[in-house]
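Marked as substrate binding site by Swiss-Prot: THR51, CYS52, ASN53, ARG54, SER110, GLU115, ALA116, GLN117, GLN121. Residues or ranges marked as active site, nucleophile by Swiss-Prot: CYS52. Per Swiss-Prot, the feature site 'Important for activity' maps to HIS100; the stated evidence is sequence analysis. Positions annotated as NADP(+) binding site by Swiss-Prot, on the basis of sequence analysis: GLY190, ALA191, GLY192, GLU193, MET194, ALA195.
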Amino acid sequence: MFEKQVFLFGVNHKTTPVAVREKIAFTDGYETALTRLQEEVGCDESYLLSTCNRVEILVYADSTRDIEAEVSRFLFAGKVPEEDCRDYLYALKGLPAVQHLFTVAASLDSMVVGEAQILGQLKTAYRHASALGCTGPLLNRLLHKSFSVAKRVRTETAIGASAVSISYAAVQLARKIFGNLDTKKVMLVGAGEMAELAAEHLVGQGVSSVVVANRTLTRAVELADKFGGTAICMEELYAQLEDVDIIISSTGAQHIIIESAEVRPIMRVRRNRPLFFIDIAVPRDLDPELNELENVYLYDIDDLSNVVEVNKSGRDHEAIKAGCIVEEETRKFDEWYQGLAVKPTVLALREKMSGIIEQELRKTLPRLHDLGEHDQRSIEKMVASISSKFLHDPLHYLKSDSCHGRDKSQAKVDTLRSVFSLKGDI
């Protein structure tokens, strides 16, 4: 009987506030995190996904181990009180874990249902895990299946038609506060994927002045040129606050980028013209105390959920269709997985029958001197056909729907191995 199982553990925007998520975000990169995961948990196969809205760990391991406790220690690493960890962490095993992964890949569990970023994030995480040898046959199959599920959902539903990214939700929030953005000056802090998406949406909304601040000036210039904007280094950031109206920050820094104490005197220079900050980074880039300054408005990634709700109703119908696809593909994967339990017995039964046929043919054919080669081949085909028909019922018995479930599979495997005297490990 299979003693290994698929487990999925995680925290996301639904279970855990950003103040906690930023403490456990793997800002040092996948290589460091995956190496730690292998050292501290040590599973047969493992995979880790870390985004602004979720951290999820997928493992294939011995089902008798207390994997949840081990993963919890790895994930929270003493940064969160132990009694709170249980409230934040979700733990799934077997089929529910598979269905959750497919749901995430299909963007049905995203803050913005239907957004396209999550699939790319899943694939990036997989490339790192695969390159480090963390994944194996089971997780490779499962993760590739999740990619195909996401593609099928995109193809067969309009889930992405009215979807917006987190970056676009930030732009929508800016419009809500300022109205027309044509005359507004915007500064992007960070030049990564989120910043680029924000720039695309801002230009689409009529913004004509974009400033990009980044630690790597070359990347800032590259992004600014793409949108007809201006690039600056991070040291010029505070000086630019005197002129801009909207700041969208999405760096990968592990510390606060813009401090409240530094902005206070700038507001006097601005004569208290409104300054709007949107922090879509995890860990957060912007000092939470900015909200205490007069005419300064700060929104973090969790606040964006209110903007996201505007488009939610238009996606509900397509989300139902997408959910049906996820359920169907989950069942298909389960059928394949259940088949792994009976496959060794199927092979053993066929090998035993083939061995019997070969043995009997070797004994019988030499005695039939009068038979020509054609007749001998006919006898061999006839015996093979009889064998195939004889095996049909027991093999069907093993693979039938009534065999689903590991306990039922194992009971039928044990029965057939006993009846046919099949030996060896399964």
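A Cβ is built for glycine as well, from the same backbone N, Cα and C atoms used for every other residue.
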Three-state secondary structure, GLU193 (NADP(+) binding site) (per DSSP): helix
Fewest other Cβ within 10 angstroms of its own Cβ, chosen from the binding-site residues ASN53, SER110, GLN121: GLN121
Spatial separation of GLY190 (NADP(+) binding site) from GLN121 (substrate binding site) - C-alpha basis, Å: 18
Nearest-integer angstrom distance between the alpha carbons (Cα) of ALA191 (NADP(+) binding site) and the residue listed as 'active site, nucleophile': 16
Recorded positions listed as CYS52, ALA116, MET194, ALA195, least Cβ neighbours within 10 Å: ALA116
Residue among binding-site residues GLY190, GLY192 with least C-beta crowding, 10 angstrom cut-off: GLY192
Residues near GLU193 (NADP(+) binding site) in space but at least six apart in sequence (CB under 8 A): GLN117
Using Cα positions only, nearest of the recorded positions to ALA116 (substrate binding site) (HIS100, GLY190, GLY192, MET194, ALA195): MET194
Beyond the site residues GLY190, ALA191, GLY192, GLU193, MET194, ALA195: chain residues whose C-beta lies within 8 Å of the centroid, for NADP(+): LEU188, GLU196, LEU197, ALA198, LEU223, SER250, THR251
Under 8 Å by Cβ from HIS100 (site 'Important for activity'), counting only residues of that chain that are 6 or more apart: LEU8, LEU92, ASP109
Surrounding CB atoms that lie within 10 Å of the CB of THR51 (substrate binding site), all protein chains: 21
Cα-Cα distance linking THR51 (substrate binding site) and GLY192 (NADP(+) binding site), given in Å to the nearest integer: 13
C-alpha spacing of MET194 (NADP(+) binding site) relative to THR51 (substrate binding site), in angstrom: 11
